[in-house]
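Peer 1: Dropping the structure in here first, questions after.
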Amino acid sequence: MIKAIIGKIIGTRNDRWIKQYKKKVLAINALEPTYEKMSDDELQNAFEELKKRVRSVEKDLQEKTLLEVLPESFAITREASKRILKMRHFDVQLIGGMVLNDGKIAEMKTGEGKTLVATLAVALNALKGESVYVVTVNDYLAHRDSKEMEPLYHFLGYSVGTITASVRDDDERLEIYSKDIVYGTNNEFGFDYLRDNMKYSLEHKVQKSHAFAIVDEVDSILIDEARTPLIISGPVDRRMENYNKADEVAKSMQVEIDFTIDEKNRTILITEEGIKKAENLFGVDNLYKIENAALSHHLDQALKANYLFFIDKDYIVANNEVVIVDEFTGRLSEGRRFSEGLHQALEAKEGVSIKEESQTLADITFQNYFRMFSKLAGMTGTAQTEATEFLEIYNLEVVSIPTNLAIKRKDLNDLIYKSEKEKFDAVILKIKELHDKGQPVLVGTASIEKSETLHALLKKERIPHTVLNAKQHTKEAEIIKDAGLKGAVTIATNMAGRGVDIKLTDEIKELGGLYIIGTERHESRRIDNQLRGRSGRQGDPGTSQFYLSLEDNLLRIFGSDRIKGVMEKLGLKDGEHIESKLVTRAVENAQKKVENLHFESRKHLLEYDDVANEQRKSVYKFRDELLDVNYDISAKIAENREYALNQIFSKLKAFDHQNLSEEELLGLKNILKEDFNAHVGLEDLKKASPIENFIAEKLKSDYENKMKVLDSEQRSRIERIVYLQILDNAWREHLYTMDNLKTGINLRGYNQKDPLVEYKKESYNLFLELIEDIKMEAIKTFSKIQFEDEQDSSDAERYLDNFSEEREHESVTYRHEEALDEDLNVAMKAFAKTPKRNEPCPCGSGKKYKDCCAKSGPKKGLFAK
């Protein structure tokens, strides 16, 4: 209350920002007459001068210079837009551009021209000479926006590229990323970053810098998708029959007897009776013994699949596959899979083919990917409800931009009914009334199931209509565009189709504009605001109203008893509703509860991922050093050799190495032979003084003798590639260990320990072990490198060529969240460590190692026995 009064007197922080930006708008507008008089060539030359000015200063002074040239850059960009696109930036759009350049989020209502606004900040920041990324939510918008704005950018002397899922060729991707301005989806940018850190050449990395990114629909990408990391993964060996058996057991269990459901937290707790039943059906005496850990895990996931996840709401079944439905957009999430075996549990539930579980090979959250950028900005129509999260997680402030024309849309109070049937009956009556009048109506639903219920009711009443949900996602843009036609009735799930304007004719405006009906409040107020925002664009008339029932999930799970109490006191008859600001406010309070739960969940995820992120950055930095041809890899190998020997001697009983017993010397001899391929006689060890110097020289001379056949470039390439393989394999194993650690860490809470603190401690220790393992594995592998002909380097060159060729033709699938793809083990088998007897032979024969090269020696020269 006090805050509101102070805001009215001195203005809010947002008001003060807008006031400052308006002063700069005056400066930009003052330049317009000057640039209007220029020819195209003169205008382009003026912009080229700005490029020279910005690029001539030191890098750390470029941001300051950008602010100095901002008025000229914005004025030239606007003039160019007038000539090329036939569109002039409004003053409020200039403000939006300045907000983006300041690294903030511009909240602009639907229809205010966010795509055009972005050109101002993009053109300005591209002056520095580093690629600017424009991030969108789907391939359609990335392609549309880049093609629409490309003529403007070309006029200003910029090149433009678009990254979509259809761009498969690595060289083509490399070419696109070399452009001044790159449009693409958040998934493509994120996966390209992960792919870059699996490349074996710096020249093949596509993302050269992370200077500036503008994220369109920033709330969808940085908030809604923050809980689902990008993961590249490979298959894990699991027994597929366990999924089906667990599904049978789960289906036989009864709610409230064998298990209880916590709908608020979406968890299931098995009772003692349930445990006994499961043990009986699985045929085990104790479900929670260590050897039965896989069974108990499968059962947990099967229970979730059967009782917390629902077809046509959380997923659909299409083409013998379970496909996730995005809870926020209603779109199908093609290629995305639930993690930790949940997706396999859903496949067992629905009786479709079960795909293998997968192991993480590389991963990152959107939070940590986008926080890498030196400057980050965003645009959306709905951000203020999440302003705290944007500031706390991303250090992004939200600035609400005034509309160019006043909003005329009427937002009516919610209507609340006792039952869902009564609610839908009322919705159908309202739709019929509007349709008969010719006024277009857009109906928002919370799930595919509800949209199809409404579809059936409208069909029964013979009211023509169009349905847009995940099953019709390919026609999304076309359906949304036509939603403003006379008499149009459009049903849309969770307001998919963002980014597509619904334009109205004068006749429709006379009828009252687009009428929005929400059939259920979403868990997030922001999603509801997005639905409302489809109406009333650019000063158009319109109306919005939500129809609710006490049976809706939000009110049933989170709604206060006050709403139910009011309904009971009023003694409403069938079909009657209540409409009051008090009830609407109570509904919004319920939404705030859920929003806070989701915020805490995302923050919790980030706290854990921040631990892994520091390790990821460290590993990727070292990886880049190895890729650098100027890095002294030979010195690193020598350092590892010294470390390995220190480790060996530290484990021997007598630290006085000259007084080792014969038994210890024999053990040392065997270690040198097995681990380092060094053949040393027992008598030589007895005579050596000091022994550590003798061994160090022996290992070094053996290695140098093998490497003599290579020229310096060949040697450097081989050493770097082998070391990279060792690093990559160790990192993947580390990620697997970290996944397992994270899965069980919450159990520490029962022991009065903070799981996050425990996770930090243990992950740090695991990281130290990772570093040690890499050093030891590196020196062991390098010690075993051999050539068939020690006088000929062609063997090494052949393997380098094969390596490059096989890497180039790897077929790998990258997916959002949990992805299944071909195993990423690099085909340069010659450099692999000695396999175990039952592992596949690295020569590629397809036989087990014990039946192949273990008997006859390696078929390929670089692999040592």
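A Cβ is built for glycine as well, from the same backbone N, Cα and C atoms used for every other residue.
If you look up Swiss-Prot, you'll see GLN93, GLY111, GLU112, GLY113, LYS114, THR115, ASP501 marked as ATP binding site, on the strength of sequence analysis. The Zn(2+) binding site annotation in Swiss-Prot covers CYS841, CYS843, CYS852, CYS853 and rests on sequence analysis.
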Peer 1: In Å, how large is the greatest distance between any two Cα atoms among GLN93, GLY111, GLU112, GLY113, LYS114, THR115, ASP501, the listed binders of ATP?
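Peer 2: So the maximum pairwise Cα distance among the ATP binders is 17 Å.
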Peer 1: Cβ within 8 Å of the ATP site's Cβ centroid: which residues qualify beyond GLN93, GLY111, GLU112, GLY113, LYS114, THR115, ASP501?
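Peer 2: Other same-chain residues near the ATP site: MET108, THR110, LEU116, VAL117.
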Peer 1: Around GLN93 (ATP binding site), how many other C-beta atoms are within 10 angstroms of its C-beta?
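Peer 2: Cβ-Cβ neighbours of GLN93 (ATP binding site) within 10 Å number 27.
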Peer 1: Let's check the environment of GLY111 (ATP binding site): how many other CB atoms sit within 10 Å of its CB?
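Peer 2: There are 21 such Cβ atoms around GLY111 (ATP binding site).
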Peer 1: Let me check the 10 A CB neighbour count of ASP501 (ATP binding site). How many other CB atoms are there?
Peer 2: 15
